[in-house]
Amino acid sequence: SAMLHLPLLVTAQVDLVLVLVSLLAFWSRLGQLNYPSSVVFDEVYYGQFVSLYMKRVFFMDDSGPPLGHMILALGGYLGGFDGNFAWDRIGAEYPSGVNVWSLRLLPALCGALCVPLGYLLTLQLGFSHLSALGAALLLLLENSLIVQSRFMLLESVLIFFILLAFFSYLRFHNALNTSWSRYSWLLLSGISCAASVGVKYMGVFSYLLLLGVACVHTWSLIGDRALSVFVQFPVLLYVFWFYIHLSLLNRSGPHDQLMSSAFQASLQGGLSRITQGQPLEVSYGSQVTLRSVSSHPLPCWLHSHKANYPIRYENGRGSSHQQQVTCYPFKDVNNWWIVKHPGRQELVVDTPPQPVRHGDVIQLVHGMTSRFLNSHDVAAPMSPHAQEVSGYVDFNVSMLAQNLWRVDVSNRGAESEVWKTILSDVRLVHVNTSAVLKLSGVSLPDWGFHQLEVVAERLKLGSGWTVEEHRYGTSQEQKEREAELHSPTHIDVNRKISFWAKFLELQWKMLTVKQEESEHKYSSTPLEWVTMETNIAYWLHTSTNAQIHLIGNPVSWGVANFSLLAYQLLAAVYLLRRRRGLRDLPDGVWERFVFLGCVCVGGWAVNFVPFLLMDRTLFLYHYLPALTHLYLLTPALLEHIHTHLFSVTCQRALCVCTSAVLVSIFLSCRTFCPLTYGIPELSANQLQALKWRDSWDILYRRR
């Protein structure tokens, strides 16, 4: 009873400024989030992936890993989106059954949380609450960050995880105790790093920067096991994102053909309906289709047809005038070949089947024309340095053996490895000339129906072939065999490959297979981002002047660039004077100044410089992660100058100028708000007045 009389007290400290900027951030990012109720710019791109997630259909996006897409899909799932919407054009109206607010919610939440994170990160860098407020206001009043946060796009998600990673690490580093709670911040930093890389590959540069900062910050961390967790845990999480991705997307989809036959066969529907239950071991008498391992982005299969090479080519060179052998990028009955034993005439499988092993010599007979796959010392039509490959001589006719091929299973586990369906990568080596059958990648002219050229080339390494469709031949007569080749191969048995095999293949494809990119009206160069010479029209109302643009706040954009230049000049002066033995700053202040540059200027550099080296279509929104770091730099640099460089009189003048700049930033943000939110509608004259630069593309209808 005595315990009941004791006061139960809870003491809490609330940063009201942090609460205020957080509320303003949520209001600016989440207000009227379902407007406009139509597809905005890249929502037409990401929305397709959200629909595929809802239907659990496999896809591959070469622009980045899957975590960002999964976050967008989670928003759709929470809103009950079923994926039944055609993302066919920008401006298409969402039907009433689609919860637009839910689709855009998670990017908006991430964008809103970036504002308080900027506030807290500035404090962790060792600067005052006033500087932290300045950083939060710059992030809050940046029009481009608002626009990018309010739609189903990924930049706000990427920025959120980058800021969270740096903030969590600094909380870990600045903590005075060594309790488990301190290391929980390091764990959160690792999770955030993994998430930033999982959203976009550009996040890996921020991860490397943070890793470098951790190593340089204190040498003692290098031997700390906690740092090894920090290094390894993001890698494991990155793999985990793909595990979820591949577990969810287990159905055949639009990008199946980019993947290997084994990968396709592991998905429900599509190729798996054809390949399930096929015989695993290729035997003499097997009927097979051979897919080129090196063909990308679209697959192609070894093919022949009743057409010969021309007697002479346009350049005057002669050919063998034998039957054409090509690589054809479509399923076709002429893709079927029969694996024949050189010492027997039968084209059917024995009982029991006699499997083909690594090192065995075979003949390949074209199923529909009964011609041997042949090569000889005749120059290929488009690649004269290589040998021609042709279909020659009916298999019943005895001729000189120019049609013998040695089977080389390149991914074998033992010398006696059996040639397996889908699983084996095989090189076919011409016995007479030691040339390897390969796809040259060159398209044939009209006489070759623009199919891809197949050659035999004397290389130690050559492109491989995979048996994709396979069955045991049972018909010796040509007519019966043709009917058999036209029949389906489906048997209802399942075959799977491991997660690691799928993960590694998907990684390789994402890094090497690039979709064709065309020049975009709103594409730009990195140098144009710095001077804000470009904008992007995200949405235009079908009948009014209401519109939304990705356009920055010109005043704060200019201030950020000035701060970047000022820091570099000031750092150069400090370094020169320190080299001469003149130490203008105490060691603690100097270390804080240097660390500010590592995080903010370094963060800007790793998120900007790589784009200078990229040969791809780029847009203004790619600059936003780099710009965010400059908004953290600006108020901290002002505090440093105010405290350590200026006299009292200059300090007062700096405060007045800073206040005037903040008012200008607010007025500039307010001026461009109609282009940020799409409301209110402006007249043609008002829109023209907002065209502060001739290079901006502001759209309007004169009425």
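Any Cβ shown, glycine's included, is placed from N, Cα and C.
Matching 127-146, 647-666 against TrEMBL, the residues noted as transmembrane segment span 127-146. The predicted model assigns the domain 'MIR' (353-410) a mean pLDDT of 87. Within the same chain, the transmembrane segment (6-27) stays apart from the transmembrane segment (184-214): fewer than three Cβ pairs sit under 8 Å, each pair at least 6 residues apart.
Contact between the transmembrane segment (103-121) and the transmembrane segment (589-613) is not supported: fewer than 3 Cβ pairs lie under 8 Å, counting only residues 6 or more apart in sequence. Residue counts of the domain 'MIR' (279-342) by helix, strand and coil are 3 helix, 30 strand, 31 coil (DSSP-based). Sequence-distant neighbours of the transmembrane segment (589-613) (same chain, 6+ residues past either end, Cβ-Cβ under 8 Å): 125-127, 162, 166, 202, 205-206, 208-209, 213, 216-217, 526, 529, 564, 567-568, 571, 574, 583, 622-623, 625-630, 632-633, 636-637, 640, 644. Across the domain 'MIR' (353-410), DSSP classifies residues as 0 helix, 30 strand, 28 coil.
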